[in-house]
Each structure stands twice: as structure tokens, then as C-alpha cells.
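The structure under discussion appears below in the form of C-alpha cells.
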């Protein structure tokens, strides 16, 4: 079997259903999406474990870790967007049966991950100065810096892991990153605990130890997935590490052109939700607490459309690579229908259990009754937001599959900052709706964003068919 035959063999659907049937598209999308969802949930599990173990150091440590994550994730989000461009580039090459381009796209992704990680480390390593400049208490900023000093060095391997995960998903093999992430969860918990408290003769490192543990786990997961890519079939058939020293500058420019708008869109979204916390803080402490818990529920729910959106990138990219416009349209449609159906079902479950979710975090005491009530109200108001946010995530993924990210950035600016934030401000402070007004505003803005993405995909899909 030749290298081209290998690619074409692995590109075939794993079911026996003909490829041009909608049922097959549903199966293939789910087969890709489920491991991606679980991998993302695994990442959340590690972050949650870190915070739980840091919580044993006291409230000051938890507050410092929250500040540190704010600084870290602003920087990391930029790299995340660039690495998200690896998947569509590989998917298109895979659809076209171009082994060499698969290898080149991954190689460029790894080089870009390394090169951008160096300037990206500046923000975490100078996090204390940034936090003080933003008005944070110097003691909290100093504590946050300890955590960041350990965390910053894990940026490069974390980005490398994302690039390799994107390549594996794009060649229809998303399982290895999931296995590695699941294995890393207990390892991460043990390592964080040992380094925080200084067991087995090691020094007690506190917050620095928690950050260092995350860096070591990032390095370990990257090396594990790199080893699988290099030596395990079908990945080894693509010779992913061949000529690794060569930098393909035209492809670097293409990756940056595709990924930079993704990074900017993610930063606009991150900025919106950061501003939401500020708005809630202006309303009341109860509003801020209820908002944070509602967002935690949203974050878990978000993994479903995120996984489907990643799968949409791959499925649309495959069709685009093999020059099959009808399949491009079908892949986007199926992903949207599947995502909206699943998110709608989960949204109904959240609405029915909204009070129980509030009590899970705040307990059932009279003192927390008002916070539980507001949390339940926000989750009810958020029903439209959940569905719209899921749809925009999926359609954004589908558009990446056909290399359309610049208009997505423009739509994000319109939906988030021209609609969501102004409407949230007016409803919260000029109509007396308070926290509920913020969520209504965000729901309206996200709905506008999702609608624009749907129209954009339909227009481009029709243009491809035409």
C-alpha cells in the first residue's frame, strides 16, 4: 500500500453506510466529537483539581490563583487560536490525499507553537506588575506571581499538545489525546499535592509548586502524544517528524493568517466575559457569586458544542480538501442540527435542575437562599444564550474548515461589543434588571453573532456549489 493509499484508506468512514447519506454524516461527526468533548472535560477536571488542592492553602491562595489564571489565559488564548488553525490545514490536506502537506502543516504548527511561546511567557512572568497596574492589592499580586512563575514554562508544551491533537483529529483519530488526558488527571493531582506540601523529601513549594506541577504535566502529555505521532500507525505513515528543522515560511504565513482572527475572536469573547464580572461586581456581591456559578455550569455545557465545532472543522475541511461542495454544506448542516439538538436537551435538564445546581454550590442555608434564587434565574434566562453560544461555536468551526476566519472576527466584534455589552449595560443599570439584564444582553448579542455565522456559512456553501 502506497502512502497515498494509506491516507485514502484512513479517510474512509468507519461505518458501512454510504458516505453521501446524512445518517453517515451524523455518525462520523459524533465519532469525532465525543473524544474531543471528553478531552476538553479532562482539561477542566485538571484545572478544577488544581484549584481544589490550592484551596487547602487558604482563601488568599485561591484568590491569587484566580488572578494568576486571568493573566495566564489572556496570553494563552492568543496561542490557542493560532494552534486551532492546524486542524483545518491538516483536514484539507487529508481530504485531498496530500501526505506531504499533512506533515508540513503539523511541522509549521509545532514551530509556531515554539516561536510564539517565548513572547507569550512575558505576560505571566511579569504578572505581578500587570496586576498591580490594574489596581490589585500588592500582596495578592505577589502571591499570584509565585503561581505564574511555575505556570509560565508550560506554555510551549501545551501549545505543542494542541497542535498534535489537531493533527490527530484531522486524520480521523482523536482518541490518543483523550487517553493521555485521562491518564494525566490523577498524575496532575498527585504532583500538585506533592509539590505544594513538599512530600518525599521535596521542598514545600506552595503556589509555585502548583504551577510547576502543571508545567511538568503539560510537558509529559506533549511528549506522550509526540511519541504516539512518531511511532504509532496511522500517524507514523505520515512521517510527522521528518525534516522537522525545515520551516515552511509560506505555510507559516497561511497558518497565522488563518489563526490570528481566531485568536482575536477568542480574546473578544474572553474580554466580554471578564467585563461581565466587572458589571456584576458593580451590581452586588450576590450578583457576582451567582454569575460565577452560572458561568461554571455554562463552561461544562460548552464542551458539547465545542467538541462538535472541532468535528465540524474536520468534516468540512475534508470535504473542502477533496473539492466536494455538497459535502461541505452537508457537514456544516449536520453539525449545526446535531449541536443545537444536544444543547437544547441539556438546556432543558439545566432549567429543570437549576435550583439543585445552585444549592450544590451554595448549600441550603437561609443566608445563601438569595444567591441560589438568582443563580436559578440566570440559568433560566441563559437558555437562549446556551443554544446561541453553542450554534456560534459550531458554525465558527465549520467556517474554519473552509479557511474563513476574518469575517468571523468581524461578526464577533459586532455581536459581542456592538450588541451584547451595550444592551447588557442598558438593561442592567437603566431598566432595573440588574444581573438578569446582563445575561439578557449577552444572550441577544450571542444570538446575533450566531445568526451572522449561519448566514455566512450558507452564503459560502452556495457559492462553492455554484
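Cβ from N, Cα, C; glycine included.
Database features, via Swiss-Prot:
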- 68-90: transmembrane segment (TRANSMEM)
- 110-132: transmembrane segment (TRANSMEM)
- 142-164: transmembrane segment (TRANSMEM)
- 177-199: transmembrane segment (TRANSMEM)
- 209-231: transmembrane segment (TRANSMEM)
- 251-273: transmembrane segment (TRANSMEM)
- 288-310: transmembrane segment (TRANSMEM)
- 331-353: transmembrane segment (TRANSMEM)
- 368-387: transmembrane segment (TRANSMEM)
- 407-429: transmembrane segment (TRANSMEM)
- 433-455: transmembrane segment (TRANSMEM)
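Between the transmembrane segment (251-273) and the stretches 68-90, 142-164, 209-231, 288-310, Cβ pairs under 8 Å are most numerous for 68-90. Below 8 angstroms of C-beta separation, residues 46, 50, 53-54, 65, 68, 106, 146-154, 157-158, 160-161, 164-165, 167-168, 176-177, 180-181, 184, 187-188, 191-192, 194-196, 198, 240-241 of the same chain, each at least six residues beyond the ends of the transmembrane segment (209-231), sit close to that stretch.
For the transmembrane segment (407-429), the residues of the chain that approach it from at least six positions outside its boundaries are 261-262, 264-265, 268-269, 271-272, 275-276, 279, 282-283, 392, 396, 399-400, 435-442, 444-446, 448-450, 452-453, 456, judged by C-beta separation under 8 angstroms. Nonlocal intrachain contacts for the transmembrane segment (142-164), taken as residues 6+ away from its ends with a CB within less than 8 angstroms of a stretch CB, comprise 54, 60-61, 63-65, 67-68, 71-72, 75-76, 79-80, 82-84, 86, 106, 109-110, 112-114, 116-118, 120-121, 124-125, 127-128, 131, 136, 177, 205-219, 221-223, 225-226, 229.
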